[in-house]
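Participant: Take a look at this one; I'll ask things after.
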Amino acid sequence: MRRLLWPLVILAALLAVNVLFTPGFFSIQVREGHLYGSLIDILRFGAPLILVALGMTLVIATGGIDLSVGSVVAISGALACLQISQDAGVFTAVVLALGLSVALGVWNGFLVANAGIQPIIATLILMVAGRGLAQLITDGQIITVNDPAFKLIGGGYLLTVPFGILLVLAVLAVTAFLTRRLALGMLIEAVGGNAEASRLAGIRARGIIVMVYAFAALCAGVAGLMISSNVSSADGNNAGLWIELDAILAVVIGGTSLAGGRFSLAGTVLGALIIQTLTTTIYSIGVPPETTLLFKALVVTVVCLLQSAAFREKVFKRRARTAGAQEVAA
Amino acid sequence: MKKERDVVMAVPEPILRMTGIGKQFPGVKALDGVDFRLLPGEVHALMGENGAGKSTLIKVLTGVHPVDTGTIDLDGVPVAFTGPLEAQRAGISTVYQEVNLCTNLSVAENIFIGREPRKRGRIDWKRMRARAAELLARLDLDLDVSAPLEAYSLAVRQMVAIARAVDIEARVLILDEPTSSLDAGEVAQLFKVMRTLKGEGIAILFVSHFLDQIYEIADRMTILRNGRRVGEYLVSELSQVELVGKMIGQELKELERLHGEAKRFDAPLVEARELGRPGAIEPFTLTIHEGEVVGLAGLLGSGRTEVARLLFGADHAGGGEIAVGGTPAALRTPRAAMGHGIAFCSEDRKADGLVPDLTVRENIILALQATRGWTRPVPREQQDALVGKYIKALKISPPHPEHLVRNLSGGNQQKVLLARWLILEPRLLILDEPTRGIDVGAKAEIQRLVVELSDGGMAVLFISAELEEVLRLSHKVGVLRDRRLVAQLPNDEELTTEVLMETIASGGRP
Ligand SMILES: Nc1ncnc2c1ncn2[C@@H]1O[C@H](COP(=O)(O)OP(=O)(O)OP(=O)(O)O)[C@@H](O)[C@H]1O
Ligand SMILES: [Mg+2]
C-alpha cells in the first residue's frame with residue numbers, strides 16, 4: 001500500500017493543477033445518454049495505454065521488457081481494418097487480429113525463454129520488423145473503415161460508459177484474478193526475483209515467460225483495435241508509436257522494479273493515468289507545442305525521483321543530519 | 001595457550017568501542033542498548049542464536065545501516081560511517097555473512113575490485129593476477145585466478161571473499177560466519193592467517209556457530225540474546241555448556257547417538273547406476289533405500305554437490321541411469337525429479353534457493369505451488385497452517401509469515417528454505433549443507449527432525465562439511481574425492497571421524 005502513496009500524491013497534484021486552469025475539470029455530465037467530462041476523457045484516451053502497461057507489468061515482473069508492443073498495436077489495427085475493408089465481418093477481423101498478436105507474443109517469449117536472447121534485443125527485433133509488417137498489411141496506405149460495430153470498441157458507449165473503459169476494467173479484473181487469486185502472480189514474481197531458484201523449486205519458468213509475452217501482445221492487440229476503431233482507420237506508421245515507452249514508464253512509476261520481482265497492477269494503472277493526465281495537462285495549461293516534450297520529460301523526471309527510495313532517503317537523511325548537527329551546535 | 005592468555009590479561013585500550021547501540025527495524029528490535037569493545041591483537045567472538053543481532057551489530061558498525069541510538073568510537077574518536085567503503089578507508093575490513101561478490105568477474109578482479117593495482121593509470125592485469133594467486137596461496141588455495149568466480153563453489157567464493165578482506169590494510173577485521181561452508185582444511189588455513197594477523201596487532205571480530213572453532217581461535221567473546229548483550233567473557237572462563245546456556249537461555253539437551261537399533265534396508269528407493277557428468281563428477285553407483293540416511297563426506301570441490309544435483313535433475317547427466325522405486329526414471333529437470341518425490345535443498349540459499357523479495361510464506365510454499373501449477377493455488381488456510389507449523393517447528397524468528405525473506409537473519413533464511421522442502425513430504429530429501437549458518441540449538445532440532453523423517457520411511461541424502469554431523473545422522477557414508485565416489489562405508493561402531501578423514505585423504509585405497 002505504501003508503494004502506491006507517491007503515485008497517488010502525484011496524480012492528485014496533476015489533477016489539482018488542471019482544476020486551477022480549467023474550473024469545470026471535475027464535472028461529469030450525461031449528454032445524450034453518454035458520460036461526458038474531462039475525467040472521462042482521461043480514462044477513455046488512456047485506455048489503450050493502461051492495457052499495454054498491464055501487459056508490460058507482467059513482462060517486467062519476470063525481469064524482461066517488451067519493446068515490440070507499439071508495433072503489435074499497429075499490426076493488430078492494420079489487420080482488423082484490412083479485414084473489415086474486405087467485408088470479412090467484425091468478429092472475424094477481431095479474432096484474426098488478436099490471434100496474430102498472441103502469435104507474435106509467443107514468438108517474443110520463445111526468443112527470450114528458449115533461445116535465451118536478452119529480452120531487450122529479442123523484442124527489438126519485432127519492434128522494428130513489426131512496423132514493416134504493419135505497412136505490408138496496409139500496403140503502405142492508411143485504411144479507413146466505416147463499420148458501426150467496429151466503431152464500438154474504441155469510440156462507442158455501453159450503458160452510458162465509453163466501451164473502452166469497460167474493456168479496460170474487464171482486462172484488469174481478469175489479470176488481477178489470474179495473478180492474485182490464482183498463483184500466477186507469485187510464480188511470475190519468483191521467476192523475476194530469482195530465476196535459478198525458481199527452476200530448482202520446480203517452476204516451469206519457460207512456460208511462464210512465454211505466457212507473459214503472449215499476454216502483453218494480446219493487451220497490445222486489444223489496444224490496437226481500440227486506437228484504430230476510435231479513428232476508424234489503420235495507420236501502420238503511426239499507430240501506437242512510442243507507446244512502449246509510455247507503458248514502461250507507467251509500470252515504473254507504479255512502483256514495479258525493472259529488475260523484476262514484485263509487481264503492482266494498481267500501481268501500473270495509476271502510472272498510466274498519471275501519464276495520460278500529464279498529456280491532458282499539457283494541453284489545458286497551454287504549454288507551447290515546441291516545449292511539450294521537454295515539459296513532459298521534466299515532470300517524469302520529478303516523478304521518478306520521488307518514486308526512488310534511495311533519492312528520498314538521501315534528501316530526508318541529509319535534512320535529518322543537518323537538523324541533528326544544528327541541534328548539537330545550539 | 002598460556003602466553004596468549006597473558007596478553008589478554010593485560011587489557012589494553014580498545015580499538016573499537018560501541019556503547020548503547022540500538023537498532024529498530026519495522027516490527028523487530030534487532031539491537032537494544034548493546035555495548036561492545038574490541039581490543040587490539042585479540043580474536044573476539046560474537047555469539048548468539050539465529051536472529052540475535054550479530055550481523056546487525058556488524059552492519060551498523062560498518063555503516064550499512066545507520067544506528068538509532070548509541071555511539072561508536074574508533075581509537076577513542078566518535079565515528080558514523082555512511083557505508084562499508086568509508087569503514088574500509090578507516091581501517092575496518094569486513095566479510096559479510098551474505099558474501100557479496102560479482103560472480104561474472106574473475107577471481108582476481110573480485111579480490112581487487114575497487115583497488116586494482118595500476119601502472120601509468122591503467123590496470124596492471126599481470127600484477128593483479130600474480131598478487132591474487134599469492135594471496136590465495138596464503139590460504140592454501142590453488143585456483144585459476146582469471147576464471148570467472150561462477151565456475152567455483154560456494155566454499156571457494158567464501159575463501160575469495162576472505163582473501164580479499166585479509167589483504168586490505170586494516171586494523172580491524174570482521175568475519176561474519178566465514179567458515180559456514182568450509183571444510184576442516186580451509187578452516188585451519190584461515191585460522192593460521194588469523195593468528196598471523198592477530199600477532200600483528202589486528203583486532204578480529206569473528207562470528208561462527210561452530211563452538212569448537214570459537215574455542216580454538218577466540219580469546220574473548222560477547223554473547224547476544226534477542227538483541228541484548230548477555231555479557232563479555234574470556235573464552236577460557238566459560239565452558240561450552242555454559243556458553244550455550246547463556247546463548248539460548250536454557251540447557252541444551254545433548255544428543256549423542258540418534259539412531260537406535262540398527263535398521264535393515266531392503267526397499268531401494270533411488271538407484272543410480274554409472275551416473276556421471278563429464279567435468280563435474282565421474283560415473284558413480286549409489287543406492288538409497290527407503291528410510292535410509294546416506295551421508296556424503298569429502299573435501300571442498302570433491303563433487304558432493306554435483307552428486308546431489310544429478311540426482312535431482314538440476315544438471316544433465318552425461319551418462320548412466322537412475323531408477324526410482326525399481327523403474328527407470330528420466331530426471332531431466334528438477335520438476336521431473338520432484339514428480340518422482342525427490343526434493344533438493346540447495347547449499348547456496350542466496351543464489352539457488354530463496355526469492356528475497358517474496359515473503360516467508362510465499363518462499364515456503366513455492367515448491368508446493370510449483371508442483372500444483374499456477375491454476376490451482378494452495379488454499380490460503382492450508383498455506384497458513386503449513387507455514388505456521390514450520391515456523392514453529394524450526395523456530396523461525398521473527399515468527400511472521402508476511403515478513404520479506406530478505407530481512408531475515410541468515411540462519412532464519414536457511415530454515416525457510418528447509419521448510420520449503422519439508423512441506424513437500426518427499427520420498428527422497430536431498431539436503432546440501434542444510435545446517436549452514438544455523439545455531440547450535442536449531443541445529444539439534446533439525447538433526448532430530450531428519451532422524452524422525454527417516455524413521456517414518458523418508459530417504460535422506462545428507463551432505464555436510466561437518467563430519468560429526470554426517471556420522472551422527474547417516475546409516476551409510478559415501479566418501480568423495482577429486483570428483484569420484486571412492487568409498488561407501490556402513491556407519492557402524494568402527495566408523496569414526498578419524499576413519500572418515502583417512503578415507504578422504506587416501507582416496508579409499510588401503
Ligand atoms: N533489513 C532488515 N529489515 C528488517 N529486519 C531485519 C533486517 N535485518 C535484520 N533484521 C532482523 O533483525 C534481527 C537480527 O538479525 P541479524 O541478521 O543481526 O541476526 P544474526 O544474529 O546475525 O543471526 P544469524 O545467526 O542467523 O546470522 C532478526 O530478527 C532479523 O529478522
Ligand atoms: Mg548473521
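Placed from the backbone N, Cα and C atoms, the Cβ positions cover glycine too.
These came from TrEMBL, pasted as-is:
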TRANSMEM  A:43-60  transmembrane segment
TRANSMEM  A:67-85  transmembrane segment
TRANSMEM  A:91-113  transmembrane segment
TRANSMEM  A:120-137  transmembrane segment
TRANSMEM  A:157-178  transmembrane segment
TRANSMEM  A:208-227  transmembrane segment
TRANSMEM  A:239-258  transmembrane segment
TRANSMEM  A:265-287  transmembrane segment
TRANSMEM  A:293-311  transmembrane segment
Participant: Given the cut-off of 8 Å on Cβ pairs that are 6 or more apart in sequence, determine whether the transmembrane segment (A:293-311) and the transmembrane segment (A:239-258) share at least 3 such pairs.
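Facilitator: In contact, yes.
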Participant: Under 8 Å, at least three CB pairs between the transmembrane segment (A:120-137) and the transmembrane segment (A:43-60) (pairs 6 or more apart)?
Facilitator: no
Participant: Considering only the recorded stretches A:67-85, A:91-113, A:157-178, A:208-227, state which has the highest number of Cβ pairs under 8 Å to the transmembrane segment (A:43-60).
Facilitator: A:208-227
Participant: Cβ under 8 Å to the transmembrane segment (A:67-85), counting only same-chain residues 6 or more beyond its ends: which ones?
Facilitator: 48, 52, 55-56, 92-94, 96-98, 100-101, 104-105, 108, 120, 123-131, 133-135, 137-138, 143-145, 147, 150, 216-217, 219-225, 227-229, 233-244, 247
